[in-house]
Amino acid sequence: MGNSALDLNPPNATFHLSTHGSDWLWAAFSVFGVSLLTVVAWTFTRPRGARLFHQIAIVVLTTGSLAYFSMASDLGATPVPVEFRGEGTRQIWFVRYIQWFITFPLLLLELLLATGLSLSDIFTTLFMSIVLVITGLVAALVPSTYKWGYYTFGVSALFYIWYVLLWHGPHTTFAAGGVLRRGYILAAGYLSFLLLLYPIAWACAEGGNVISVTSEMIWYGILDIFAGPIFLFFFLWELRGVDYATFGLHSGKYTDKSAYAPNTAQAAGTVPATTSTGAAGNV
């Protein structure tokens, strides 16, 4: 049985996704799905208190799986009049921007938590990633030349992200030592290069309408796979031997259930209940 996604969900624009493009998106969805299941299984091999980075990866891969399922099904797009290509409309995939709105800040958070950056620096960097995504979406939805103004705002935010990843972050103190610093520098350089390619893809696709929607899907799909599953597997592998206690990421929320089981004296109210601290703070 062939791919009938476009028959069940007909395209809603002049320049739209092809069946071959949908086939590629199903393949990308499979990559995200298999990666998600792998990370979930990997997470359960980690002790409590050493799962935070794996759980962030689960959120990223779950979001990516949902987005690619939607796009492969030809859902999550809206028609917008084209620029530089005569008459007609082009499918703008808002579901992709929803994906990036969630995943880009989390990918940066995954990376920056390994550094000695302050929470205020991390928060500002995550905000700039949100600015990057939102300005890209607004620019894609604007049919006039004003879209390039939003594009400029987004690229400006990207320069700030590069500054933090490539300069500010590496010059902080890494509590986990030089091994993690080396891994961070490799991961930060890798992610920064990928972030350079996204605005180029946008200018050729939603911005200038130079490439087809199917070519757009292939380009973005490759970038998302390299920025999602491949990046996350590399980063988690680099963290496999690191003592999570050095990060100081204790939430204080998790406590053994036994701590809530009062003895007879506590139940009678004669002895104050105490909270076990041995397992507190695991995330």
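Numbering starts at 1 and runs along the chain as displayed.
Backbone N, Cα and C atoms are what each Cβ position is placed from, and that goes for glycine too.
The transmembrane segment annotation in Swiss-Prot covers 24-44 (among others) and is backed by sequence analysis.
Residues or ranges marked as transmembrane segment by Swiss-Prot on the basis of sequence analysis: 52-72 (among others). Within the chain carrying the transmembrane segment (52-72), a Cβ under 8 angstroms from the stretch's Cβ atoms is held by residues 5, 17, 22, 25-26, 28-29, 32-33, 35-36, 39-40, 42-43, 46, 93, 95-96, 98-99, 102-103, 106-107, 109-110, 113, 217, 221, 224, 228-229, 232, 235-236, 239, 244, 249, 283, all 6 or more beyond its ends.
Sequence-distant contacts of the transmembrane segment (97-117), counting only residues of its own chain at least 6 positions beyond either end whose CB sits under 8 Å from a CB of the stretch, comprise 52-53, 56-57, 59-60, 63-64, 66-67, 76, 125-126, 129-130, 132-134, 136-137, 140, 161, 164-165, 168-170, 172-176, 180, 183-184, 187-188, 191, 224, 227-228, 231-232, 235, 239, 247, 249. As annotated by Swiss-Prot, transmembrane segment applies to 97-117 (among others), with the evidence given as sequence analysis.
Annotated transmembrane segment per Swiss-Prot: 122-142 (among others), in sequence order, evidence recorded as sequence analysis. Below 8 angstroms of C-beta separation, residues 78, 80, 92, 94, 97, 100-101, 104-105, 108-109, 112-113, 148-151, 153-154, 157-158, 160-161, 164-165, 202, 206-207 of the same chain, each at least six residues beyond the ends of the transmembrane segment (122-142), sit close to that stretch.
Marked as transmembrane segment by Swiss-Prot on the basis of sequence analysis: 148-168 (among others). Distant neighbours of the transmembrane segment (148-168): 108, 111-112, 117, 121, 124-125, 128-129, 131-133, 135-136, 138-139, 142, 188-189, 191-192, 195, 199, 202-203, 207; these residues of the same chain sit at least 6 beyond its ends, with a Cβ under 8 Å from one of its Cβ atoms.
Positions annotated as transmembrane segment by Swiss-Prot, on the basis of sequence analysis: 185-205 (among others).
For the transmembrane segment (217-237), the list of distant contacts is 17, 21, 24-25, 28, 31-32, 35, 39, 42, 53-54, 57, 60-61, 64, 68, 71, 96, 99, 103, 107, 110-111, 183, 187, 190-191, 194-195, 197-198, 201, 204-205, 211: same-chain residues at least six beyond its ends, Cβ to Cβ under 8 Å. Residues annotated as transmembrane segment in Swiss-Prot, with sequence analysis given as evidence: 217-237 (among others).
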